[in-house]
Amino acid sequence: MNIVILAAGTGKRMRSALPKVLHPLAGRPLLSHVIDTARTLQPSRLVVVVGHGAEQVQAAVAAPDVQFAVQAEQLGTGHAVRQALPLLDPAQPTLVLYGDVPLTRASTLQRLVDAARDGRYGILTVTLDDPTGYGRIVRDASGFVTRIVEQKDASPEELKIAEINTGIIVTPTAQLSMWLGALKNENAQGEYYLTDVVELAIEAGFEVVTSQPDEEWETLGVNSKAQLAELERIHQRNVADALLVDGVTLADPARVDVRGTLRCGRDVSIDVNCVFEGNVTLADNVTIGANCVIRNASVGAGTRIDAFTHIDGAELGANTVIGPYARLRPGAQLADEAHVGNFVEVKNAVIGHGSKANHLTYIGDADIGARVNIGAGTITCNYDGANKFRTVIEDDVFVGSDTQLVAPVRVGRGVTIAAGTTIWKDVAEGVLALNEKTQTAKSGYVRPVKKKS
């Protein structure tokens with residue numbers, strides 16, 4: 001089977017410099033959703049027709065299995081499909097999809113393909129309560145499809161028809177070439193409509209069959225930011241429903257966004273307003289607090305992530321405790337039972353088993369052993385303005401509050417670092433490290449007093 005995806009439109013109503021098919025739905029371009037669905041049907045040829053912003057669109061979705069045809073002038077859907085003909089296998093049927101219709105299920109498309117076997121012409125239709133703006137399916141007294149009429153060209157009687165054309169078709173490819181060549185642009189838009197091919201198919205004696213999706217939203221397209229927002233909500237609710245079926249507890253299914261792939265174990269609980277981006281894995285018994293953003297991360301079993309935590313490119317072991325208001329940046333690796341608390345930032349660092357950094361700390365480019373306590377206000381000074389250096393803290397170290405570790409530096413096993421210490425040299429095992437300071441008390445000091453107005 002050939003699959004052609006039309007993605008050449010200008011998308012004027014989007015009011016954006018970004019080509020319409022590249023606007024994101026669930027964090028990925030609209031067109032990428034359509035291509036992924038097309039791939040599940042295992043086509044022999046997959047062709048995307050580009051036009052407006054062609055180079056940008058091609059760069060965004062380029063892949064070994066995707067070919068591109070260019071529609072230099074926007075002369076209608078029939079003209080667009082004609083540009084793809086040289087890339088198609090004439091011996092195989094062709095399925096035509098749209099780059100701005102991202103939610104059509106593969107099962108719906110397969111049903112249409114099956115209905116159109118043996119050289120039939122298949123149309124995906126849907127019956128709407130309000131069909132305004134769509135091409136109507138015109139049938140004869142026996143119920144056979146005779147033609148498709150566009151909204152602007154429809155008679156008052158035809159405008160009453162509720163069954164509409166979605167634009168998605170399956171057609172014999174060899175005949176399609178002839179039919180597209182016979183199209184005329186004698187319509188209100190002066191365009192070559194792909195929908196006019198159905199009349200040519202009927203005239204040629206081909207049987208025209210129809211199929212409908214399980215859900216109306218499968219055929220919804222995007223022509224404005226409002227429609228994009230509507231489809232985003234539909235998609236996210238579908239994702240939430242699937243998570244609920246899999247046993248995930250969602251505090252409010254309407255307030256979770258998955259912009260990638262979220263894999264959950266048993267008894268996972270997710271509070272409101274959480275966003276998951278890229279590839280995220282949550283093992284069994286993970287609890288996510290409200291307003292968290294988690295991107296490209298793996299979270300071990302029994303972990304608790306408290307509210308307002310941001311995690312990006314991190315690996316968390318089992319039974320870790322994160323947040324609230326913590327930030328784990330790319331390269332953060334936490335072993336089992338590690339704690340990273342409020343207003344702690346970890347970047348490109350390993351935190352060992354049972355180690356804790358509970359408050360107001362920056363840990364960057366560091367290797368921290370097991371059972372280490374990092375006091376509040378500790379900073380690893382890893383950057384000299386040109387280069388990054390690592391800090392190594394071995395097992396069972398106690399780091400007092402307000403400590404600075406100037407990398408590159410190593411702190412040996414079992415060291416205790418006094419509060420307010422700056423470490424710029426390696427520290428041997430088991431010692432107390434501190435900066436000698438003299439505390440002075442001055443008598444007779446009078447604190448300034450505000451003047452009364």
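Note that Cβ sites are derived from N, Cα and C of the backbone, with glycine treated the same way.
Feature annotation from Swiss-Prot assigns active site, proton acceptor to H359. For 6-9, K20, Q71, 76-77, 98-100, G135, E150, N165, N223, R329, K347, Y362, N373, the entry in Swiss-Prot reads UDP-N-acetyl-alpha-D-glucosamine binding site, with the evidence type sequence analysis. What Swiss-Prot lists as Mg(2+) binding site is D100, N223, and the listing cites sequence analysis. Under the heading acetyl-CoA binding site, Swiss-Prot lists A376, N382, Y383, S401, A419, citing sequence analysis as support. Sequence annotations record features per position, and here Swiss-Prot assigns region 'Pyrophosphorylase' to 1-225. The region 'Linker' annotation in Swiss-Prot covers 226-246 and rests on sequence analysis. Feature annotation from Swiss-Prot assigns region 'N-acetyltransferase' to 247-453; the stated evidence is sequence analysis.
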**Study point:** Within 10 angstroms of G9 (UDP-N-acetyl-alpha-D-glucosamine binding site), Cα basis - recorded positions out of D100, H359, A376, Y383, S401, A419
**Key:** D100
Exercise for review: Determine the mean pLDDT over the region 'Linker' (226-246), rounding to the nearest whole number.
Suggested key: 98
Exercise for review: Under 8 Å Cβ to Cβ from E150 (UDP-N-acetyl-alpha-D-glucosamine binding site), same chain, six or more residues apart: give me those in sequence order, or none if nothing qualifies.
Suggested key: G135, N187, A188, Q189, Y193, T195
Review point. S401 (acetyl-CoA binding site) to R329 (UDP-N-acetyl-alpha-D-glucosamine binding site): how many Å between their Cα atoms?
Key: 23
Check your understanding: Say you check the Cα of L6 (UDP-N-acetyl-alpha-D-glucosamine binding site) against those of the recorded positions D100, H359, A376, N382; which is nearest?
Key -> D100
Check your understanding: Measuring Cα to Cα, how many angstrom lie between D100 (Mg(2+) binding site) and Y383 (acetyl-CoA binding site)?
Key -> 46
Revision key, fill the gap. With neighbours defined as other CB atoms within 10 A, the best-packed of the binding-site residues L6, A376, A419 is L6
Exercise for review: Around the Cβ of the residue listed as 'active site, proton acceptor', how many other Cβ atoms lie within 10 Å? Please give the count over every shown protein chain.
Suggested key: 15
Study note, to complete from the structure: Between the binding-site residues G9, G76, G99, the one whose Cβ has the fewest other Cβ atoms within 10 Å is G76
Revision key, fill the gap. Within 10 Å of A376 (acetyl-CoA binding site) (Cα basis), scanning binding-site residues G76, G99, N223, R329, I find none
**Study point:** Listed in sequence order, residues with CB under 8 A of Y383 (acetyl-CoA binding site) and six or more positions away
**Key:** G364, F389
